[in-house]
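Chemist: So TrEMBL lists the following for this protein:
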type	residues	note
REPEAT	A:139-173	repeat 'PPR'
REPEAT	A:209-243	repeat 'PPR'
REPEAT	A:341-375	repeat 'PPR'
REPEAT	A:376-406	repeat 'PPR'
REPEAT	A:412-442	repeat 'PPR'
DOMAIN	A:557-649	domain 'DYW'
Amino acid sequence: MAVSCLSLSITNLTVTPATKSQKQLHTKKPLNSTLKSLSKSGKLDEALHLLLESHQSRTPFGQPNLESYTTLLHACISRKSLTHGRRLYLHLLQSEDDELLLKSPTLRSKFITLFSACGQLDEARRAFRHGIEEMDCVSESVYVAMAIGFSKNGNFREALLIYWEMLSKGVEPGNFAFSVALKACSGIPDTRNGKAVHAQIVKAREEPDQVVYNALLRFYTECGVFDEVLKVFDDMPVRDVATWNALVAGYVKKDQVFEGLETFRKMQREKVGFSWVSLTMILAVSARLTALYTGKEVHGQIVKSAECPDVLVLNSLLDMYAKCGLMDYCRKVFDGMSFKDLTSWNTLINGYAINGWMTEAMTAFEQMSEAGYKADEVTFISLLSGCSHAGMTNEGQILFDRMRTEYGIDPNLEHYACLVDMLGRAGRIEEALEVVKKMPMEPSGSIWGSLLNSCRLHGYVSLAEIIAKQLFKIEPSNPGNYVMLSNIYANAGMWDRVKLVRELMEIRGIKKEAGSSWVQIRDRVHSFVAGGGFEFRNSDEYRKVWNELTKEMEKSGYRPDTGVVLHDINEEMKVEWVCGHSERLAMVFALIHAGSGLPIRITKNLRVCADCHTWMKHASKASQRKIILRDTNRFHHFHEGKCSCNDYW
DNA sequence: ATAGGGTTAG
């Protein structure tokens with residue numbers, strides 16, 4: 001009803017002479033307020049028409065003025081309507097109102113904003129340059145609009161150039177200019193320029209505001225100068241939630257996730273509060289740490305909140321549950337989301353895939369298309385690597401082809417890596433090598449690494465040597481590669497070669513990264529380093545649980561396989577050594593401290609070794625616990641002496 | 001609407 005009334009009024013206005021009702025409209029609603037109400041209801045066609053007609057005096061209204069143009073332009077920006085904006089711009093250029101465009105920085109800025117918001121940087125640039133050379137002074141706002149346009153489109157270098165151009169014209173930068181310049185420096189990142197901007201901020205007449213300070217924090221985080229992050233943070237007169245969030249982000253970026261968590265807790269203690277951004281980051285941290293308890297706490301905060309949570313925080317909630325191995329929770333949250341985006345679907349699918357639930361992953365993939373979302377390269381990486389781990393080679397190959405033909409996605413290096421891994425794991429190494437030969441890019445270290453792993457799985461020793469040669473060329477100092485080769489020799493009983501690899505590592509000064517595992521008990525994450533934790537291992541409670549466990553496990557047939565040990569020590573010491581692997585320490589600790597019967601979630605910084613994998617299977621049976629072990633490579637759900645990976649990892 | 005934050009893979 002309301003819609004038809006409005007459109008009627010416009011037709012009447014433009015064609016027929018004024019009637020009684022229009023006179024009323026005229027007196028009550030002059031041009032600009034009519035434009036405003038039309039814009040508000042999204043009737044841009046009619047608003048534009050009215051403005052152009054008024055300009056030709058074909059309406060009872062007067063001539064459009066600056067306000068008329070900005071009103072309409074404002075509507076174009078909010079609806080990202082490029083077509084209406086273009087027509088308005090051309091109209092201004094062609095009419096005598098051209099002057100308006102040159103004189104009004106507001107109008108010029110808004111056109112720049114509109115064009116760049118619609119991704120039309122060339123047009124934005126033209127609007128920016130139009131007549132600029134003849135002008136004595138261009139307002140800061142015009143430069144800022146242009147710089148923001150570039151920066152929003154990821155064109156940080158050009159954004160910085162605009163900033164410097166502004167300075168060279170003698171325009172004094174204010175806080176708006178500072179924040180966009182810093183944003184550009186963070187995006188590149190460009191330490192030198194950013195520091196220069198920092199110096200200008202210090203010298204500026206205007207006091208830096210909250211946004212500038214926070215942008216500084218982000219800039220120093222992005223270029224890895226963490227000392228400055230702390231310094232700026234300490235010197236700030238006022239700290240808001242975004243400030244604290246920036247500090248958390250700084251710690252996370254530095255891989256100091258515990259400090260990130262601690263900072264978040266400090267925010268609560270100091271009554272700073274939190275925002276969706278804070279919760280999003282903490283959920284991501286919880287996902288990394290498999291800190292289910294912390295993640296659930298945050299979930300509680302989300303539920304308690306009066307506001308409707310945004311899609312990003314829910315996406316990271318999905319990921320947290322997925323990374324903790326709780327796919328039914330993940331699914332429940334997903335189904336309850338009133339607004340989903342591509343990332344939501346990708347997170348769900350990836351969750352199923354990393355947990356080894358490929359039937360569910362494929363079903364979700366189908367549902368995704370039905371719901372009108374188009375799978376992207378991330379979706380396919382999850383699906384392909386899931387197929388690879390699940391041994392679904394044929395399905396994976398079909399997916400790889402569908403990705404190109406149905407979805408028009410050119411496979412990137414990661415997709416090829418999945419394909420190579422898939423074929424290699426299935427023992428089809430020749431085909432895998434064929435893919436490596438034919439693919440359009442240089443094979444990466446990870447591709448040779450996955451081929452080497454395939455050789456390990458299938459006991460191809462001589463091929464492994466050839467591949468290792470390639471691999472060591474690309475990644476000469478990655479200890480994992482040497483460990484893998486050594487394991488291949490050990491499995492084949494070639495102990496002299498094992499020794500050779502060990503010596504090679506010594507000569508090249510390569511040390512195996514210390515294995516560490518962690519497990520969360522209530523609100524605390526406990527971490528263990530391989531061969532460490534002596535105090536704990538000497539405690540009575542440890543010995544008691546360890547001995548009981550070992551006795552049970554020996555009954556069910558567990559015998560240590562010491563081939564995984566790289567060190568040159570006697571057999572007894574080797575057994576001792578594998579017993580000190582970090583995931584076992586974490587497991588015993590959890591058995592002592594976690595609530596009885598609860599599943600145990602352990603996360604490890606390396607790939608789990610073959611002996612620990614066997615050990616965990618027996619341990620799950622002996623202790624009657626579900627164990628969810630997440631290593632760098634994938635998830636292992638141990639239950640009743642079996643692993644979800646079917647020993648295929 | 002001339003400015004700031006965060007999520008998925010590898």
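Numbering starts at 1 and runs along the chain as displayed.
Here the Cβ of each residue, glycine as well, is placed from N, Cα and C on the backbone.
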Chemist: Per DSSP, what is the residue count of the domain 'DYW' (A:557-649) in each of helix, strand and coil?
Modeler: 38 helix, 16 strand, 39 coil
Chemist: Checking distant contacts: for the repeat 'PPR' (A:139-173), what same-chain residues at least six beyond its ends satisfy Cβ-Cβ under 8 A?
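Modeler: Result: 105-106, 108-110, 112-113, 115-117, 119, 121, 124-125, 128, 180-181, 183-185, 187-188, 190, 193, 197, 200, 204-205.
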Chemist: For the repeat 'PPR' (A:341-375), would you mind checking the mean pLDDT of the predicted model?
Modeler: 96
Chemist: What are the DSSP helix/strand/coil residue counts across the repeat 'PPR' (A:209-243)?
Modeler: 26 helix, 0 strand, 9 coil
Chemist: By DSSP assignment, list the helix, strand and coil residue numbers for the repeat 'PPR' (A:412-442), in that order.
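Modeler: Helix/strand/coil tally for the repeat 'PPR' (A:412-442): 23 helix, 0 strand, 8 coil.
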